[in-house]
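Peer 1: There's a structure below that I have some questions on.
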Amino acid sequence: MKNTSSLCLLLLVVLCSLTCNSGQAQVLFQGFNWESWKQQGGWYNMLKGQVDDIAKAGVTHVWLPPPSHSVAPQGYMPGRLYDLDASKYGTAAELKSLIAAFHGKGVQCVADVVINHRCAEKKDARGVYCVFEGGTPDDRLDWGPGMICSDDTQYSDGTGHRDTGEGFGAAPDIDHLNPRVQRELTDWLNWLKSDVGFDGWRLDFAKGYSTDIAKMYVESCKPGFVVAEIWNSLSYNGDGKPAANQDQGRQELVNWVNAVGGPAMTFDFTTKGLLQAGVQGELWRLRDGNGKAAGMIGWLPEKAVTFVDNHDTGSTQKLWPFPSDKVMQGYAYILTHPGVPCIFYDHMFDWNLKQEITALAAIRERNGINAGSKLRIVVADADAYVAVVDEKVMVKIGTRYDVGNAVPSDFHQTVHGKDYSVWEKGSLRVPAGRHL
């Protein structure tokens, strides 16, 4: 009996360990850009042909574009939420087929959820666009001006609650304190999971509603993966350069995930800003005053999704782009570091960086690097950054070629490119077709 109990306890520990590790060892892939809606034959159909390559890069979750009817073709001005056939990316059937293909490779699918604002179908008696259509034969999501925040005076009739977050000028801000809004959006979010097949969400413009609202939807729908867009600015000095201390920005990100709880994470905009400033001859920025990573990953890496660029910051919008000639330094950093790294479609396929990105992702996977991995920064100078992760992987980015004795003798270089190198501890591992 004693032996049986011990065996059961051992199995429980192993199972718990595997579950915890698998929950942390995530890699997100953004499966679209700002121009994807223009794809001949449909974006969903085109992306389906790249499922194998995406899965081979160690991706565990793919972020897909907003799925519903939208006034703007990219999907970020949604109207008839249940109408997936009106999407510029493809039909509902094509979306479900794409999701099934990803699921067949063990990759989960994340919906881009735009619920802060919504575009109306018709005008009311005042001549204001504030009468909404849900996209079904019944009255689900068929709302009027009373479902709009009262302080959104351009559209509201003044009967709703005040906005719980930041305003969005281009479309009506939805009153998430309204019980019907909460009930019907919860039903729609659950429908995306049960009927369409989505596993998680990316919350667009999550600063537009309170953390209490986000928490309510997360707890009601129980998505397996949640990452929010909390796009905040770096702190800057009077000379226009980023300040050495970026605690204010990363504290805002940490506060959001702590308030929402559960699986909720945020994109680490602090790390993105510091990394793209750092690779331009200021790599010292990547270490804070306590010797830790200077972004959100230095404080709460398990809840930070790191990225180099996305459809807003890069692509054709270029609202805050990473230096184009240094993108692989960015991937060498995020794919070897704590946090959940996000690979951007453009870099993987349009920029022909698939081989380099996949090689870095393979190092992450075979060494078990995950969101909570231990980071030890060895060098953080203007022209060189060197760090060790889990005492198994060492990475160098920057223009400096010689980092002296920073690399121990039992570490062997397995991947290198322009201004970056990665070493692994133990026996020499040389990928097929590569010569060191």
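Glycine too: its Cβ is placed from the backbone N, Cα and C atoms.
Pulled the feature table from Swiss-Prot, pasting it below:
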- 1-25: signal peptide (SIGNAL)
- 69-71, 76-77, 202-207, Trp231, Ser233, Gln251, Lys292, 298-300, His311, Gln317, Lys396, 401-403, 413-419, Trp423: substrate binding site (BINDING)
- Asn116, Asp163, Asp173, Gly208: Ca(2+) 1 binding site (BINDING)
- Glu133, Thr136, Asp138, Asp142: Ca(2+) 2 binding site (BINDING)
- Asp152, Phe168, Ala171, Asp173: Ca(2+) 3 binding site (BINDING)
- Asp204: active site, nucleophile (ACT_SITE)
- Glu229: active site, proton donor (ACT_SITE)
- Asp312: site 'Transition state stabilizer' (SITE)
Peer 1: Whole-number answer please: how many Å between the C-alpha atoms of Glu133 (Ca(2+) 2 binding site) and His69 (substrate binding site)?
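Peer 2: Here the two Cα atoms lie 11 Å apart.
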Peer 1: For Ca(2+) 1, what surrounds Asn116, Asp163, Asp173, Gly208 with a Cβ no more than 8 Å from their Cβ centroid?
Peer 2: His117, Cys149, Asp152, Thr164, Gly165, Glu166, Gly167, Phe168, Ile174, His176, Phe205, Tyr209
Peer 1: For each of the recorded positions (Asp138, Asp173, Asp204, Glu229), count the other CB atoms lying within 10 A of its CB, then report the residue with the highest count.
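Peer 2: Of the recorded positions Asp138, Asp173, Asp204, Glu229, the most buried by Cβ count within 10 Å is Asp173.
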Peer 1: Near Phe205 (substrate binding site) in space, meaning Cα within 10 angstroms, which of the recorded positions do we find among Phe168, Asp173, Glu229, Asp312?
Peer 2: Phe168, Glu229
Peer 1: Just going by other Cβ atoms within 10 Å, which of the binding-site residues Met77, Ala171 has the emptiest spot?
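Peer 2: It is Met77 that, of the binding-site residues Met77, Ala171, has the fewest other Cβ atoms within 10 Å.
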Peer 1: When the Cα-Cα distance from Ala171 (Ca(2+) 3 binding site) is computed for each of the recorded positions His69, Thr136, Asp138, Glu229, Lys396, which gives the smallest value?
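Peer 2: That would be His69, nearest by Cα distance.
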Peer 1: How big is the gap, in Å, between the Cα of Lys396 (substrate binding site) and that of Asp163 (Ca(2+) 1 binding site), rounded to a whole number?
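Peer 2: So the alpha carbons of Lys396 (substrate binding site) and Asp163 (Ca(2+) 1 binding site) sit roughly 46 Å from each other.
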Peer 1: How long is the line from the C-alpha of Gln413 (substrate binding site) to the C-alpha of Asp312 (site 'Transition state stabilizer'), rounded to the nearest angstrom?
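Peer 2: One finds 35 Å between the Cα atoms of these residues.
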Peer 1: Just give me the nearest neighbour of Phe168 (Ca(2+) 3 binding site) among the recorded positions Met77, Asp142, Glu229, Trp299, Cα to Cα.
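Peer 2: Of the recorded positions Met77, Asp142, Glu229, Trp299, Met77 has its Cα closest to that of Phe168 (Ca(2+) 3 binding site).
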Peer 1: Can you tell me which recorded positions out of Asp142, Asp152, Asp204, Glu229, Asp312 are within 10 A of Asn116 (Ca(2+) 1 binding site) by Cα, answering none if there aren't any?
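Peer 2: Near Asn116 (Ca(2+) 1 binding site), where near means Cα within 10 Å, the recorded positions are Asp204.
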